[in-house]
Amino acid sequence: MTDLLANLGLGFAVALSLQNVTLCFLGCLVGTLIGVLPGVGPIATIAMLLPITFGLDPVGALIMLAGIYYGAQYGGSTTAILVNIPGEATSVVTTLDGHQMARQGRAGVALGIAAIGSFFAGTVATLLIAALGAPLTRLALIFGPAEYFALMVMGLAFAVVLAHGSVLKAVAMILVGILLAAVGTDLETGQERMTFGLAFLTDGIDFSVLAMGLFGVAEILRNLDQTETREIARARIGRLLPSLADLRQAAPATLRGTAIGAILGILPGNGAVLGPFAAYTVEKRLARDPSRFGRGAIEGVAGPESANNAGAQTAFIPLLTLGIPPNAVMALMVGAMTIHGIVPGPGVMTKNPNLFWGMIASMWIGNLMLLVINLPLVGIWVRLLKVPYRLMFPAILMFCAIGIYSINSLPTDVMLIAAFGVFGYGLIKFGFEPAPMLLGFVLGKLMEEYLRRALTLSRGDALVFLERPVSAVLFLVAFTILAAALLPSLRRGRDAVFTEA
Amino acid sequence: MSDASVGARRTMARVRAPQSFVAGIVLVLLGIFGIWAASDLPRGTLGSMGPGMLPHWVAICVAICGSVLVVTGLLRDGAGLQSFGLRGPLTVVLAILAFALTIRPFAFGSFATPGLGLVVAGPLAVVIGGYATPEARFRELLILALLLTAGCMLLFGDLLNLPIPIFPTALIEAASGRIPSRTLLRLGAGGLALMGLALLALQRRSTRRSRTDVAPHAMMT
């Protein structure tokens, strides 16, 4: 306990330096600014803004990126409430009751409760990360290659179960992702794989390029297909601070949402995405009068928003302790860390305690800042949202191009986002979800590396994964949840979580 | 009606979930392509995996997933094919290509594009990209392009110092030694912003004067 306090103290000392507070503030502000744009979620926002952190020292850069991440999340919720367009998957649920509240002239209260719920969830999640950081890091040290491989297989199994729609399509997407990750020079033998002699493929496909194509450009193409039906809440924003009665009504939902989101966020494999859906379903089930949901129930905003933010933060746990990015956003963080020469994993906490604890402390500061800066700035976001899409998307397109070009100074990267954009558009049209593919891509290289190592150590005996107890348990979990997802009765339950929302 | 279309309709009648069916075929093709692309790589043994091992087996699994999708598409009812827009994807791809080819010198074989920098690439991307929607209006896009580019020049070039080429290489060479690059950048951005603002002012005046073109103003609402 004293350790925890000492560590958090160190973290706050780092995070509260003038430079880092400024960076955190700027990150939150810019992140919200871009995240508010309809159709631009956190993944595209971070990929776009990654280059602006290149000139900073590692601690400052990661603090700013984390700020951008929370800002983008919160910006997405703002858009969901005010315009009924979710910026990304996790704020889909917020549109349901949040936008209804906005239409009843309670947009301010909806935004306020979202901010307060997020802040509370963020505080709890920060403490959780600080508490779990050290023990999980110790756990990571006893993990061998076989355990790491098993853990990633389990993560992918979760990703399949947590994805919307067909299980088979999700599996296929993960495999395509792994296949794409194999493009480029093989790390162990130095041999070029599937590059077709193209020089720009020698280093493989950059993750941010793939993410930007699938989540930035493809999203623009998808939005262009739909004739614009943006209904910005015409009514007044109203007061921002919820009344005592509102707070009393929202408090239990916030608590439950935080717990659900925090637990799901730790799971490797896009767990954070399910949080808001699960929280919404729970609130609806527990409500005395479920018919209020979808008509502006405040619990329908408070629960999912808390879950969203809690999950967004606890997703850092697998990354910082085990070095495994559990979702696409965390994979972008890996990219940012490697640029600054930091290898994510159990070593971060011991080798760079400043960075580790500073980043954790800055998470709490970032959440506080969102609360402080966003409520007064709502008016600006509303005006920004009134810009018609025909002017907004060319701007987004240009930011995407500049952002991607700045990462490696390669025109071919810019061309690739166009290719992946069209590919992603096709995926959406054929009912595939791009998120599992991105996760497969992220984990693909790591998985191959650990698989090779594990098999080399066992001299080619594949049974090693079942002989080592930890890896056997992880495989068992993976197998069970996959089997469960395929069982008709459970599958209906899973579909219900998504459709009800 | 020709025989071919009758035949096509007959197969369509048998396909009960066209979306899964076509998606499955695409996956099968992708899998076969993967198997072919990895075929020249040594696979090695389990004890020492070669570079071809993982791609080979993953590609096979992709093909298997695809075939299962094809079969379910024949057996179970499901979603139909969605309509594709052509204008959007084509224009957006064109805009991104224009940006990629003009931002810095790019060579394919013996042919090379001149590096024109952000000052040209940015507006090109915005104006071309803007035509992805039928609602595009040239003057509006031009104003947006000029103002955005000026902003980006100041933000990325001046404030953040990113290594992104701002001006055409020819201009930079001509100005080197005579004008400091920072001053040039600020002058350029100021010029673009002024042009944009002047156009904006002109447009406002003309819409006020003539009632024939009273399209609702985006930026003013």
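Numbering starts at 1 and runs along the chain as it is shown here.
Glycine is no exception: its Cβ is also placed from the backbone N, Cα and C atoms.
Feature list (source: TrEMBL):
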- A:12-37: transmembrane segment (TRANSMEM)
- A:23-439: domain 'DUF112' (DOMAIN)
- A:109-132: transmembrane segment (TRANSMEM)
- A:139-161: transmembrane segment (TRANSMEM)
- A:167-184: transmembrane segment (TRANSMEM)
- A:196-218: transmembrane segment (TRANSMEM)
- A:324-343: transmembrane segment (TRANSMEM)
- A:355-381: transmembrane segment (TRANSMEM)
- A:387-407: transmembrane segment (TRANSMEM)
- A:414-432: transmembrane segment (TRANSMEM)
- A:470-490: transmembrane segment (TRANSMEM)
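Packing against the transmembrane segment (A:167-184) from elsewhere in the chain are residues 156, 159-161, 192-195, 201-205, 210, 427, 431-434, 436-445, 447-448, 482, 485-486, 491: each is 6 or more residues past its ends and has a CB under 8 Å from a CB in it.
Same-chain residues lying 6+ beyond the ends of the transmembrane segment (A:414-432) with a Cβ under 8 Å from its Cβ atoms: 165-166, 169, 172-173, 200, 205-206, 209-210, 212-222, 400-401, 404-405.
Through the fold, the transmembrane segment (A:109-132) approaches residues 4, 7-8, 11, 70, 73-74, 77-78, 81-82, 94, 97-98, 101-102, 237-243, 246-247, 250, 253-254, 257-258, 261-262, 265-266, 298, 301-303, 305-310, 312-314, 316-317, 320-321, 357, 360-361, 363-364, 366-368, 370-371, 374-375, 378 of its own chain, all at least 6 residues removed from its boundaries and within a Cβ separation under 8 Å.
Taking every listed stretch (A:139-161, A:196-218, A:324-343, A:355-381) in turn, the largest tally of C-beta pairs under 8 A with the transmembrane segment (A:387-407) is reached by A:196-218. Long-range contacts of the transmembrane segment (A:12-37) within the same chain: residues 45, 48-49, 52, 56, 59-60, 63-76, 78-79, 87, 354, 357-359, 361-362, 365-366, 369-370, 373-374, 377, 381, 384-385, 392, 396, 399, each at least 6 residues beyond the stretch ends and with a Cβ under 8 Å from a Cβ of the stretch.
Over the domain 'DUF112' (A:23-439), the average per-residue pLDDT in this prediction is 85.
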